[in-house]
Amino acid sequence: APKMFSLGSWLPALPGLAWGWALLDALLQGLVGACAVSVLCSLLRVYLYIQCLNDPERQAEKQALGAQRRVLEPLHVVTLTAVLALVGSRVAALVVLEFSLRAVSTGLSLRKGAQSSQLYLLCQYSLGCGISCGLGFLLEGAPHSTCSLALAAGLAGLLATYARRLARHVCTLYELHSRAGYCGVCILLLASGHRIPRLLRNALAVAFGVADLAAVALINRDFLSAAEAVRFWTPLTICYTLLVIYMHEEPPQSAGGRAAYQTALVRMGGLFILLLTVGRWTDVFHVLVSLLGELWCLLCAGAMLEVCRRQ
């Protein structure tokens, strides 16, 4: 395939960012990941709103969920697309592996269903990284990879649009329609809205399962020998183990609000120190970009995090 206008010959080089078709592919992968995060947030917003509506003591939380600004949703997708396009596949793979280990550890230590909504919100950026690097790995070397990514981005955008419309419909009219009984969507949510966490859990399990396999393959392809791989994976395993221990020492009631930002800083700080010793300088830059992406996702989900904290 011909290069797009030979952009790389006259545009400045940025750390880990290529021009031409590679840039277009990175943007499309980031867009698919950002749309997946948007669908996750919209469905969680629907579920939490219904839960607050059924509890008379949580009307303030219901109003906070319903007051989500419309301009924030497309801005969230655009910003996250840019961040995911800029982050390299190596750091994205490390973020995916770190969250997968933390999610498995959390699921084993907590009783069934405990703080599941909280964990879904904390996985936003990791999900975007997983979708992005998974697509990059699966379509690597494909003859029509750009066309495939464009089709995937179109379908993901359609799903994200309908999920946002569903969330707006529920936050505006669900209370009226669930009583009147003449809206098919609201009647369906009234009967089976409690199954949304199970749907999200199954979808995320598949997404992170594929992303973990892609992440390991993407990281291992950079090593020329087994000894070099051991020198990288050994400190990485120690770092992730210490992070998991730190997460378990956090009190459950402090999972939301300021503690979520503190946890993100500790996680990215540990990855930053690790890559200073065994990584490349572009990896260090990508970790800083990842920190911005993580904080942005937490900021956009602030109202839902507060609802989960009070549950």
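Glycine is treated like the rest: Cβ placed from N, Cα and C.
Here the structure is a predicted model, which means the values were calculated and not measured.
Taken straight from TrEMBL:
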type: SIGNAL; residues: 1-20; note: signal peptide
type: TRANSMEM; residues: 30-50; note: transmembrane segment
type: TRANSMEM; residues: 71-97; note: transmembrane segment
type: TRANSMEM; residues: 117-139; note: transmembrane segment
type: TRANSMEM; residues: 146-164; note: transmembrane segment
type: TRANSMEM; residues: 176-192; note: transmembrane segment
type: TRANSMEM; residues: 199-218; note: transmembrane segment
type: TRANSMEM; residues: 230-247; note: transmembrane segment
type: TRANSMEM; residues: 259-278; note: transmembrane segment
type: TRANSMEM; residues: 284-305; note: transmembrane segment
Beyond a gap of at least 6 residues from its ends, the CB atoms lying under 8 Å from the transmembrane segment (146-164) belong to 1, 21, 24-25, 28-29, 31-32, 35-36, 38-39, 42-43, 73, 77, 135, 139
Could you tell me whether the transmembrane segment (176-192) and the transmembrane segment (284-305) are in contact, taking contact to mean 3+ Cβ pairs under 8 Å with a sequence separation of 6 or more? no
Can you name the far-off residues of the same chain, 6+ from the ends of the transmembrane segment (71-97), with a Cβ under 8 Å from a Cβ of it? 14, 16-17, 23, 26-27, 29-31, 33-35, 37-38, 41, 125-126, 128-130, 132-133, 136-137, 160, 164, 208, 211-212, 214-216, 218-219, 222, 236, 240, 271, 275, 279, 282-283, 286-287, 289-290, 292-293, 296-297, 300
